[in-house]
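Right, one structure below, let's go through it.
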């Protein structure tokens, strides 16, 4: 084998190892973002909800700062209930559709998928109804979420 071929083979192997170490985005979180966009008709980008209040985003504690933050707290609690049932809410893929009045779960026979889809659809509709207060985005959770 020629040295150039070995270099190409080595480069391919290294790049494959690097790609394997990148964790995949949990499918459910991608679907949840689509449900949010469906519910609010694209009026607010999904990333606005990732660091809002005390509960929107990763984790959560304290008293929710407003109605939207309560939607996130309820969604977190719903995922907690799903986990108690032995479900993996961040990994449960499901079938849904986007109707004129928001997202709906459809054709779901597996209990975990149905439960998680309902959690997400209810939360997405709650997000769409709740006012968004820019002052509650990226807050200091150490002081405001006690």
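The backbone N, Cα and C atoms fix where each Cβ goes, glycine too.
Swiss-Prot lists 55, 57, 59 as binding Ca(2+), and of 66, 76 the one it places in that same site is 76. Among the recorded positions listed (57, 59, 120), 120 has its Cα nearest to the Cα of residue 38 (disulfide bond). Using Cα positions, the member of the recorded positions 55, 57, 59, 120 nearest to residue 78 (disulfide bond) is identified as 120. For residue 117 (disulfide bond), the same-chain residues 6+ apart in sequence whose C-beta sits under 8 angstroms from its C-beta are 92, 94, 95, 96, 105, 108. Look at the disulfide-bonded residues 38, 71, 78, 98, 119 and count other Cβ atoms within 10 Å of each Cβ; 98 has the fewest.
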